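According to TrEMBL, the protein has these features:
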{"type": "COMPBIAS", "residues": "1-11", "note": "compositional bias 'Basic and acidic residues'"}
{"type": "COMPBIAS", "residues": "14-23", "note": "compositional bias 'Gly residues'"}
{"type": "COMPBIAS", "residues": "181-199", "note": "compositional bias 'Basic and acidic residues'"}
{"type": "DOMAIN", "residues": "37-100", "note": "domain 'DNA/RNA-binding protein Alba-like'"}
{"type": "REGION", "residues": "1-30", "note": "region 'Disordered'"}
{"type": "REGION", "residues": "145-199", "note": "region 'Disordered'"}
Amino acid sequence: MENFRKVRSEEAPVGGGAEGGGPSPGPFADLAPGAVHMRVKEGSKIRNLLAFATASMAQPATRAIVFSGCGRATTKTVTCAEILKRRLAGLHQVTRLRYRSVREVWQSLPPGPTPAQEPGEPAASLSVLKNVPSLAILLSKDALDPCQPGYQPPNSHPAPSSQPTAPTFKRSLGEPAADEGSAKRSQHEPGATEEHRTA
């Protein structure tokens, strides 16, 4: 693949989609109409996603939010959901994992200016169909069915960040650690005589 570059990536159509060939309804078909859907991408900034999600969930009309991401964005999706659960207590969670088919179109790179290929001639392309993991996390203020797979009740324990921690001391790069400096001071210098040691 070193002689190809990715031109575009698109979701491949699936056979069990909605009528008319439209997009599938997603893993949560019975969501309320006011639910917020956050699509997490690989390049998304967590602070931007959480700022919007927190502001949306602060409104009384918003009862649920869905974070969804696929491929390399799945870890960022989990991070966003976990941080929002710590910020807003009492959220019920349902997690769904599935696979999505993604079609990547790759185009060959020209080896250099060659007189054999005319400027208007299209480059050779390659289409690759990949199955990538997709994760969707529903966070709801209202109680959900605890018997459904992937359900997690609200966290009843306080967040670890609210517990007091032991103070830590910072030191600069050239500075020895506290116990390291005292050990150096208690050592005797190699050329010292006995009378200097006792004095």
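Here the Cβ of each residue, glycine as well, is placed from N, Cα and C on the backbone.
Note that the structure is a prediction, hence the values are computed from the model and not measured.
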Same-chain residues near the compositional bias 'Basic and acidic residues' (1-11), Cβ under 8 Å, at least 6 residues beyond its ends: 23, 100-109, 111, 125-126
Integer mean pLDDT for the domain 'DNA/RNA-binding protein Alba-like' (37-100): 93
Number of helical, extended and coil residues in the domain 'DNA/RNA-binding protein Alba-like' (37-100), per DSSP: 30 helix, 19 strand, 15 coil
